[in-house]
Amino acid sequence: MTVEKHLEASCLKLALERRHHRVLTDISCSFKPFELTAVVGPNGAGKSSLLQCLAGVLAPTVGHIELNGEAVEQISAAERARRSAYLPQSETPAWSLSSADLVALGLLPWGRPADRERRVAAALQLVDAQQFAHRPVTQLSGGELRRVQLARLLVGEAPLLIADEPTAALDIRHQLQLMQNFRRQADAGKTVVLALHDLSLAARYCDRILLLHDGHLRAQGTPEDVFTPALVGDVYGVSCEFRWRDGVADFVPLDLL
Amino acid sequence: MLKPGKFVLAMLFAALPLALIAALVSGPVPVDLGAALSQGWHSDSSDAVILWQLRLPRALLAILVGAALGMGGAAMQGMLRNPLAEPALLGVSSGAALAAILLLYYGLAWLSGWLLPALAIFGAFCAVACVWMLAGRGASASRLVLAGVAINAFLSALMALALNYAPSMFAMQEIVFWLLGSLANRGWDQLLLAVPFILFGGVLLYCARNYLRALSLGEDSAASLGFRGRRYPLMVLLGIASAVGAAVAVAGTIGFVGLVVPHLMRPLVKQDPGRLLWSSALAGALLLLLADILVINFVGAQELRIGAVTAFIGAPFFFWLIVSARRGQQL
């Protein structure tokens, strides 16, 4: 089982059409190891679609995606699954599996590794969910289920982690814990891409921000570069300010524009 | 110490050979099982003929058909992520049934013991191919079901038409009895015809077990886990068409096994759609064998049809399901 530890992902001139509606237009961006990237933008900006293209769930209409310089079309589906792990915005388990069994599904691309149980336990520990390892997932609250699903994302060895609004449904403690987790994953050399709505969390934990608007990439760069009241105000249609204190940003929306 | 789920599975496994022996001693004529067995396949004694040419193929067919129906149901529920799905949803049964009915309608079934089941398997494949093409590229589960309902409705209309214009009362009776499902008067011919298809279907479904597991997270997550494209759904559909199509072809339409058995087995395998496949095959085999023993031992003017027996098992099961759902349990 050889897995590349580091992985660079690039989207080149990506466009996506669904039912004659342009969801993404001309997006070029790349994601590097050791980097935690947040994809932000208003509802319907195309965040989820971009993440789905990157994860191989959707195929872009135009343009292509490369993993470590290799076009994804050249990579088998199984190999691609070993390179990137993805958590969709909403994932409803069909059966009442136990939390531990649901997490173990994240190891499917690697067959049945011998240390499966240890890895599952470790992943559950990461998201503070070891206490309901044996509870059926249908008996968990929304936030608890989300944490178990995050453990499913983290249990494998994929060097590229993609999560769509992972902090939604989580309480503030687990939001912070989760972002710290993703930060640690990035510091360990993984490439992490998250879609986020909370701009304060994005500014505080992420190295890079992609700001999407109407399927277009409006800006990309460090949080300081992207999160300016003028740019964010224009994209979201609100007046706002960012209060920076020791590298921690406070995003304060003021009023509708 | 075995866990409760594994213990029940082990019991089911142990019950199967016992049920097989029970099936071999069941029948209107008492047979000395030990003597008949030792006399062997080629013996001309009546006991040996009854055992080797009548009871053994019938019992093995019950096991095979039950296993195919159970496994097909488990695969169907796994693929559609729906505990109420059954193989018939895809038109497998009605495709096979229509082909068989047309043959009975034109009175051609007697030409060869092979003709009817072979044509019925062909019918099953045609129906599933129609559903697959109607659902179109990248079809979601709900679109597959919709296509299945459409094809099923059309095939049922054709079957009703065939019944309506049945050339004789005799043909009509034959059609109705075939639709009720039966294992009576089936021999090695039918068994040998069904075996390769059911085995092939079983192998396909077994190969798709990880796809079914990944699907418990949803189609997007399954795609991100490496189960992308049309290959895996096609594998499951082909597997169901082959296994269930062959089962229906030799035994007629036997309802409820594919629906009820996976439901009963799911808690025993910790809801794992992968292990559900073989455990449903095991339980389906046992259920149909027991139902057939009941049929054999039922004394009446008319032969009791096994499809009627399974329907009687299926209906109370749903009552139980409703009662437990009302008590607030998970469906």
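Just so it is clear, glycine is given a Cβ too, placed from its N, Cα and C backbone atoms.
Here is what TrEMBL says about this protein:
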- B:58-76: transmembrane segment (TRANSMEM)
- B:88-108: transmembrane segment (TRANSMEM)
- B:114-135: transmembrane segment (TRANSMEM)
- B:144-162: transmembrane segment (TRANSMEM)
- B:191-212: transmembrane segment (TRANSMEM)
- B:232-264: transmembrane segment (TRANSMEM)
- B:276-298: transmembrane segment (TRANSMEM)
- B:304-323: transmembrane segment (TRANSMEM)
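Non-local neighbours of the transmembrane segment (B:276-298) in the same chain are 9, 12-13, 15-16, 19-20, 22-23, 26-27, 58-59, 62-71, 73-75, 77-78, 182-184, 202, 205-206, 209, 212, 254, 257-258, 260-262, 264-266, 268-269, 304-306, 309-310, 313; each lies 6+ residues outside the stretch with a CB under 8 Å from one of its CB atoms. The transmembrane segment (B:191-212) and the transmembrane segment (B:88-108) are not in contact, since fewer than 3 Cβ pairs between them lie under 8 Å (pairs 6 or more apart in sequence). Packing against the transmembrane segment (B:304-323) from elsewhere in the chain are residues 177, 179-183, 251-257, 259-260, 263-264, 287-288, 291-292, 294-295, 298, 331: each is 6 or more residues past its ends and has a CB under 8 Å from a CB in it.
Ranked by number of Cβ pairs under 8 Å to the transmembrane segment (B:144-162), the listed stretches B:58-76, B:88-108, B:114-135 are led by B:88-108.
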